[in-house]
Structure formats: C-alpha cells, structure tokens
Amino acid sequence: MDVLLNLLDEYGHLAYVLLFLYCAMKSGALPLFAGMGAQYGYLDLSLVMLVVFCGGYLGDELRFYWVRRYGEGFITTRPRLAKLASNAKLLLNRYGLIYMFIYRYPKGMRTIGAIPVALTKIKWIKFTCLNAASAALWTAILTGAGFVFGRTLENLVSQQWGVFSVVLLVVFLALSYLGWRTVNVSSNDKPQT
C-alpha cells in the first residue's frame with residue numbers, strides 16, 4: 001500500500017485519468033482504493049467521485065450505443081446467439097430495473113452489463129437515466145466505503161477481496177439462472193404459431 005501511496009503522491013494528477021479509463025472499462029476495487037487515497041489526502045474525494053461516476057456512466061453509454069447500432073445485425077446471423085439474445089430480452093423486460101442496479105457489482109459483469117440491455121426495446125432516455133442513477137449509487141458505495149472505512153478495508157480487501165468477488169459472482173449467476181429458467185419455461189409454454 002505504501003508503494004501505491006507514494007505513486008499517488010508523485011503522479012496524483014495521472015491517477016484521475018487512469019481511474020476514469022478503468023471505470024469506463026470495468027468495475028472492481030480501484031474506486032475503493034481511490035476513496036482510500038482521498039482519505040489519506042493523496043486525492044480529492046469530490047474529484048474521485050466525479051471521475052468514477054463519469055467513467056462508469058460513459059463506458060456503459062458507449063457499450064449501449066455500440067450494441068444498439070451494430071449488435072442486432074451481428075446476432076441475427078448467428079442462430080445460437082439469436083436464441084440467447086431472445087431469452088435475454090425476455091429476462092430484461094421482466095427484471096430490467098433490478099438488473100440495471102446490480103450488474104455493476106459482480107466481478108466481470110460490469111464490462112458486459114449494458115450489452116444485453118441494448119438488445120431490448122428500452123428507449124435511450126430511460127437507459128441513460130437508469131444508467132446515471134446506477135452509476136451514482138455505485139460511485140457513492142465504492143468510493144464512500146473506501147473513504148470512510150479505508151484502513152479497515154485495506155486489511156480486509158488484501159485478504160478477502162477475491163472470495164467476496166467470487167461470492168457476488170455466484171449469487172448474480174444463480175439469480176440470473178433462476179430468472180433465465182423462469183423466462184424459458186414461460187416462453188416454452190406459449191403456443192407456437
């Protein structure tokens with residue numbers, strides 16, 4: 001941790017750029033550590049929160065746009081992906097609001113989270129409002145926890161972060177599987193025309 005803090009002391013202004021890029025691409029522990037860096041006085045908390053929010057929000061906006069623009073054509077030429085996308089649309093139409101607020105947290109899901117949403121009929125204005133609210137909550141939770149519980153989290157994360165991430169991923173996948181099964185059962189019960 002001392003090495004990281006020394007780097008922040010020397011190159012603090014670059015930390016904001018790296019934090020933005022990191023949050024635009026994925027989630028993880030970096031916003032926590034940025035909150036800790038703010039607690040230690042190496043970073044400005046309000047700037048950290050702004051950068052984390054902007055990275056998380058704009059990264060998902062870009063993925064949403066990209067999939068909305070090019071995804072349907074890519075998927076329709078691949079029957080297996082088309083079936084998966086069809087089931088994902090049913091699942092998101094049923095549980096979309098909840099999904100928008102939880103996909104940021106499990107390890108690995110943040111990167112692809114907005115992709116299935118873009119395949120639904122959700123209007124961009126609704127997506128962007130939900131995305132902004134979800135990114136704001138995610139920012140407040142992670143950077144706030146890093147700032148408030150910095151030293152305690154430093155010890156916990158170094159020892160248990162991997163376990164916690166895996167548990168969150170398993171819970172997310174289990175809930176997704178249950179939702180998927182529910183959608184599959186209800187779509188299989190519909191008469192074929």
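In case you wondered, yes, glycine gets a Cβ from its N, Cα and C as well.
Feature annotation from TrEMBL assigns transmembrane segment to 14-33 (among others).
According to TrEMBL, the feature transmembrane segment maps to 40-59 (among others).
Panel annotation: around the transmembrane segment (124-149), residues 27, 31-39, 45, 48-49, 52-53, 56-57, 60-61, 64, 68, 97, 100-101, 104-105, 114, 117-118 of the same chain, lying at least six beyond its termini, place a Cβ under 8 Å from a Cβ of the stretch. Residues annotated as transmembrane segment in TrEMBL: 124-149 (among others).
Annotation source TrEMBL lists transmembrane segment at 161-180 (among others).
Long-range contacts of the transmembrane segment (40-59) within the same chain: residues 5, 8-9, 12, 15-16, 19-25, 27, 31, 34, 104, 110, 131-132, 135-136, 138-140, 142-143, 147, 150, each at least 6 residues beyond the stretch ends and with a Cβ under 8 Å from a Cβ of the stretch.
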